[in-house]
Structures are given as C-alpha cells and as structure tokens.
C-alpha cells in the first residue's frame, strides 16, 4: 500500500491522506518485515521532500507564493506613495487579503462538506475555486470565477517570467532581457512535471528562505549605502494621483496572492485547519516587505521612480549576485504556483485530469505555457504590469468575488443556521462578517478597480508609448 501511495503521488492522483495514511499503517503491521521497512523508507523520503500536506506546508506555500518578485517592486511603490502611505497600505491590504483568504477557506469547507454528504469522491480530482462557486451559487458565478481567476493566474505567471529576465540581467547583461525571457520560459516550462501542490513541500520551504535572504539583503544594503543626493522621502502623494494610485494598486496586487487558496487547502491533510494560516503567512511577509521597501526608499527616494526593480540601484557585489540568483530560483517556484491551477483547468477541459500518467499529463500541460511565454515578450514592463493586473484582475478575483460569494451563499437563514464554519463571535457574528464584506467590496471597487484601474492604465500606456511593445530591454541603461 505504501508503494502504491508513492506511485499515486507521482501520477498525480489526489487521495485523501488521512484515510490512506491509516490504511498504510494497518497494512504495514501485517506485511513482511523487510518489505515493510523498504516501503517505509521510500515513503519517508517521499514525504520529506515531495509530499506535503501539513499546516506548516500550507503556511510555507502561502508565504512563499505571496512575496516573490513583488519584494523588488515595493520600493518603487513607496516612491509613488510616500513612506507613510506605503506602510499604511501594506498593513491595510495585508489584513484585507487575510480576511478574503479566510472567506475562501470557509466557502471551500462548506462546498466540500456538502458534496461529501452526497457521497462525491474527490480522490482523483483537485477542487478549484470556480467549482466551489459552481457548487454553492451556480454556473454564472462559476463562469465569473473561472474568467477572473484564470486570467489573473495567467498574467501572474507572465509577471514571474518577466521578473526572471529583469533580474538575471543585473548579473549578466551580455544578453538583452527579451532573450532571457525566451530562456527562462523554457526553464519554467519544466513545472509541467510537478503533479500538484502536495509536491511543492521542499520548494516552498526553500523559496521562502531565499526570499528572506533577499529581503534582508535589500534592507542592509540600502542602510549601508546611505542616502543618495536628493533622496528626500515624501510623506504623501506630492507627485501625481496617477503615481499614488498606481503604487497603492501594486500593494493590492502584492497581498492578493491567495488565488491559489483552494488548491493549497485541497493539498492539506486537514483543510479545516487552514483558517488562520494566511494571516500568519501575511504577518511574516510583512517582516520582509516593510523593512526592505522602507530602507530602499529612505536611501534612494525618487530615483526609484525610474527603476522599478530594486536591484538596479544597488552596486554589484557578491551579496547582490547571491540575492539575484536566489530570487530567480524562487520566481521559478512561484511560476509553478501560479501555473499549476491553470494546468488543472486545462487537464479537466481535455479529459486527462483523473488518472493519466505523469508524462501524459506533462505533455498535455505544455500548451498552457505558450501564451504565457508570448505575453511576457509583448509586455515586459516589470513593475507597471503588476498594478494593471492588480486593478483589473486581483480586485475581483480575490477581493470582490469572495466577499460577494460569501454573502450570497449565507444570505438564506437556513444556510447560516447550518453553516459548517460559522463566523466567530469576536468578529461580530454574521452581522459583523457581512459588514466587513460590504466594506471590502465597496473599497476595492472604488479605490482598487476605479482609481487604481484608471491610474494603472495611464501608467501602462505611458510605458507602451515610451518603450513600445516587444521592447528588447525594458529600462536597461544605455550601452557605451
């Protein structure tokens, strides 16, 4: 049974771990001692590096997926916002993102409980956000969730690919950024071989360590470098409203990484333990993003307005090269996080999601990478593209739709009475929850989508007018 479990993981079948773990333990007692020992050894190695599903795995996945390349663009956002607004928006959107991630987790548990009461078996099926919406609210909600979620994850993958090319250029500028995009597109395509979020255990752990190093490198390097001439941090939006709301929307994007919440929960052995995980992950992420962005802005001030990648302003040293390499590896991992749900959707569309072998599924997934590759070459605007995606996609995908879906699901009195996860009294019960949801919808609709969409569009069009589509080397210094 244990060896079958290992094969199941490799093939990408998503079996309930608690039931299977119990069966494995029971069978191991009655098997031959030598065979049982070998199986246990294989299973131990697989579990250590390959097969995660604990609360800690979920925490590492959430934190690792949330921070990634945005660490390098947040100083740019601070230069657009000013120090006080930059700090305030990070804390505010961090809390708001944690709230909507909690709502998504509640809806997942509600959907899964209802379906399992109807004897639906999810052993060979990964539940996704659009299916939760479909099961709870119907096909119109499903279509909206599918459209926004897939489009966001598509561009989220594009952003990781753009970031890879932008970063590697700072340690090897013999090739332009567009050529590096081609190269890293081929490298990132290897994520088709990772079956599910179960299998990111060691990668999410290493990814977070790598980004932690990069964050503290930025902080220390900025302080050691000291203030440049003319670096006078502003306290508010003293430039233009376009810059201000573009920066705010980039932070909205930063804390909107919970579009993969359902897939992470489904990979857990006990998904109901997820409720506070995203908040805990956000708390750690803030210890990385706040010091690094504040220190960089303190040191370089308005110079960041023309350098959306923080690496561009720091002198080349072995410490910076190490940070670049580690960030590249983490961006490869984050590309997999963003792309894996798209792989699942595509597998379901062409009918290979259930029981196909790992090689067949990998081959079937390859077409998903091609449009990502193409879009990264068309729009290589590292930094401005984050705000555009944040305003038009993140606003709806992980803020507005979850809040509205939660209210619609539990609007009937019977649904509230029979809720699997009723809101805690500390949050005001149902009235407090509904009030918080209404605030999220109104705020994000007006500030994130409205003002943020306007500002991000203006800024994005400026980048196109200045650099053009398919530009070979976005924001590269002139060669002498």
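The backbone N, Cα and C atoms fix where each Cβ goes, glycine too.
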Membrane_side_equal(residue 300, residue 354) from Swiss-Prot: no
Stated Swiss-Prot location of transmembrane segment, expressed as one of 276-296, 297-317: 276-296
Per Swiss-Prot, the range holding transmembrane segment, considering 67-84, 121-138, 409-426: 67-84
204-224, 456-476 - the one Swiss-Prot records as transmembrane segment: 204-224
Maximum Cβ pairs under 8 Å to the transmembrane segment (67-84) - stretch from the list 204-224, 276-296, 366-386, 434-454: 276-296
Annotated stretches the transmembrane segment (144-164) and the transmembrane segment (434-454) touching (3 or more Cβ pairs under 8 Å): no
For the transmembrane segment (324-344): best-contacting stretch of 204-224, 242-262, 388-408, by Cβ pairs under 8 Å: 204-224
PLDDT averaged over every residue in the topological domain 'Extracellular' (165-179): 81
For the transmembrane segment (242-262): best-contacting stretch of 204-224, 276-296, 366-386, 434-454, by Cβ pairs under 8 Å: 434-454
